[in-house]
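Q: Below you'll find the structure I mean.
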Amino acid sequence: MGRLQTVYTVITMAFPTHRPRRLRRSPVLRDMVRETTLEPADFIYPLFVVEGRDVRRPITSMPGVFNLSIEHAVAEAKQAKALGVPSVILFGIPDHKDARGTQGYAREGIVQRAIRAIKDAVPELQIVADVCLCEYTDHGHCGVLEGGHVANDATLPLLAQMAVTCAQAGADIIAPSDMMDGRIHSIRKALDECSLVDTPILSYAAKYASGFYGPFREAAQSAPQFGDRRGYQMDPGNAREALKEVGLDVEEGADMIMVKPALSYLDIIHRVKERVDLPVVAYNVSGEYSMVKAAAQNNWVDGDRVMMEILTSIKRAGADLIITYHALEASKLL
Ligand code: PBG
């Protein structure tokens, strides 16, 4: 009896052998052992710049995001800096679009002027220039058309020219998002020829043909007028192809690698992080943002809480930096 009792006591005391809950007992202890934490320095904040004066037009499908004329974009950039966000990414929306996206690479184009104004007002803020023709073409595709088809090689010099004009205007980082083959090489070569050897390229290397870009196309007025982008952006079912795209861009001279969208592609972020030794950036895209806002407006989720959970999960997956429309509100909470 005595012996049985001893055995019973030992079993009950020792079970469970492991108690992970011990480290969850208090907020301070939880903070101490947290593996992934966010800070404002993790974020890159997107801005949509339009022509005109005193424009601050709400984007219906993205509550809290606006089309901004240059002076408002400058004010927003100052706010980002004040909150500790080190960088903005700029998208220009011109008044006049044409088949070849001329305003995208014009020296006095909307994005080039916005870059100059922001650089002038907030010199330390790192300006990322999104390089793509879709906001500038009247057909809304990311390159020029030949026979109703987006022509890869004919698009490359235009992208290179856009990269050069943005860098000459003061952009600190060039971020091509068009998904043409060979564009990193073309852009690197063009930058170097213009003595812009120190301007880094952040390649949208693994960019998927995603339904999550819907609200962006309202914000940037860049929806394709026919067809879709599946002929150049990646198929959501593919993972090894992402690694191939990333490998090619590294070989062609990319300095940083992006995965986009973020939330449905956390596995890709993780695999890219394991594969390459360059900084990995994830784009928490418009549809991901708008879903949080819509659900929060209905009181279906706690908006701040899911925002932080989403941003944390993107960083936990391996992102060194996150492009996010939440950048300012998240920084305020941190
Ligand atoms: C331009 C570009 C797009 C986004 C970033 N750069 C749109 C697209 O490819 O259709 C989407 C960003 C977002 O949804 O927040 N090519």
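From the backbone N, Cα and C atoms, a Cβ is placed for every residue, glycine too.
OK, TrEMBL features for this one:
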{"type": "BINDING", "residues": "CYS132, CYS134, CYS142", "note": "Zn(2+) binding site"}
{"type": "ACT_SITE", "residues": "LYS207", "note": "active site, schiff-base intermediate with substrate"}
{"type": "BINDING", "residues": "ARG217, ARG229", "note": "5-aminolevulinate 1 binding site"}
{"type": "BINDING", "residues": "GLU245", "note": "Mg(2+) binding site"}
{"type": "ACT_SITE", "residues": "LYS260", "note": "active site, schiff-base intermediate with substrate"}
{"type": "BINDING", "residues": "SER286, TYR325", "note": "5-aminolevulinate 2 binding site"}
Q: Report the recorded positions (CYS132, CYS134, CYS142, LYS260, SER286) that meet this criterion: Cβ distance to the nearest atom of ligand 1 under 6 Å. Use sequence order and write none if nothing qualifies.
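A: Only CYS132, CYS134, CYS142, SER286 meet the Cβ criterion.
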Q: Only counting partners 6 or more residues apart, tell me which same-chain residues put their Cβ under 8 Å from the Cβ of LYS207 (active site, schiff-base intermediate with substrate).
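A: Set apart from LYS207 (active site, schiff-base intermediate with substrate) by at least 6 residues yet with Cβ under 8 Å, we have SER177, MET179, GLN233, MET234, MET258, LYS260.
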Q: Which of the binding-site residues ARG217, ARG229, GLU245, SER286, TYR325 has its Cα closest in space to the Cα of CYS142 (Zn(2+) binding site)?
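A: Nearest by Cα distance to CYS142 (Zn(2+) binding site): ARG229.
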Q: Quick check: of the binding-site residues listed here (GLU245, SER286, TYR325), which one has the Cα closest to that of ARG217 (5-aminolevulinate 1 binding site)?
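A: If we rank GLU245, SER286, TYR325 by Cα distance to ARG217 (5-aminolevulinate 1 binding site), first place goes to SER286.
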Q: Count the Cβ atoms, other than its own, that fall within 10 Å of the Cβ of LYS260 (active site, schiff-base intermediate with substrate), considering every protein chain shown.
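A: That number is 24.
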Q: List, in sequence order, the same-chain residues at least six positions removed whose CB sits under 8 Å from that of ARG229 (5-aminolevulinate 1 binding site)?
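A: For ARG229 (5-aminolevulinate 1 binding site), the qualifying residues are HIS141, CYS142, MET179, ALA209.
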Q: CA-CA, which of the binding-site residues GLU245, SER286, TYR325 lies nearest CYS134 (Zn(2+) binding site)?
A: SER286
Q: Tally every other Cβ atom lying within 10 Å of the Cβ atom of GLU245 (Mg(2+) binding site).
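A: Summing over all protein chains shown, GLU245 (Mg(2+) binding site) has 22 other Cβ atoms within 10 Å.
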Q: What is the total of other Cβ atoms whose distance to the Cβ of TYR325 (5-aminolevulinate 2 binding site) is within 10 Å?
A: 28
Q: Measuring Cα to Cα, tell me the gap between TYR325 (5-aminolevulinate 2 binding site) and GLU245 (Mg(2+) binding site) in whole angstrom.
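A: Here the two Cα atoms are 26 Å apart.
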Q: Around ARG217 (5-aminolevulinate 1 binding site), how many other CB atoms lie within 10 A of its CB?
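A: So the number of other Cβ atoms within 10 Å of ARG217 (5-aminolevulinate 1 binding site) is 17.
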Q: With Cβ-Cβ distance below 8 Å and at least 6 positions apart along the chain, what are the contacts of CYS132 (Zn(2+) binding site)? List them in sequence order.
A: GLY104, CYS142, LEU159, PRO176, SER177, ASP178
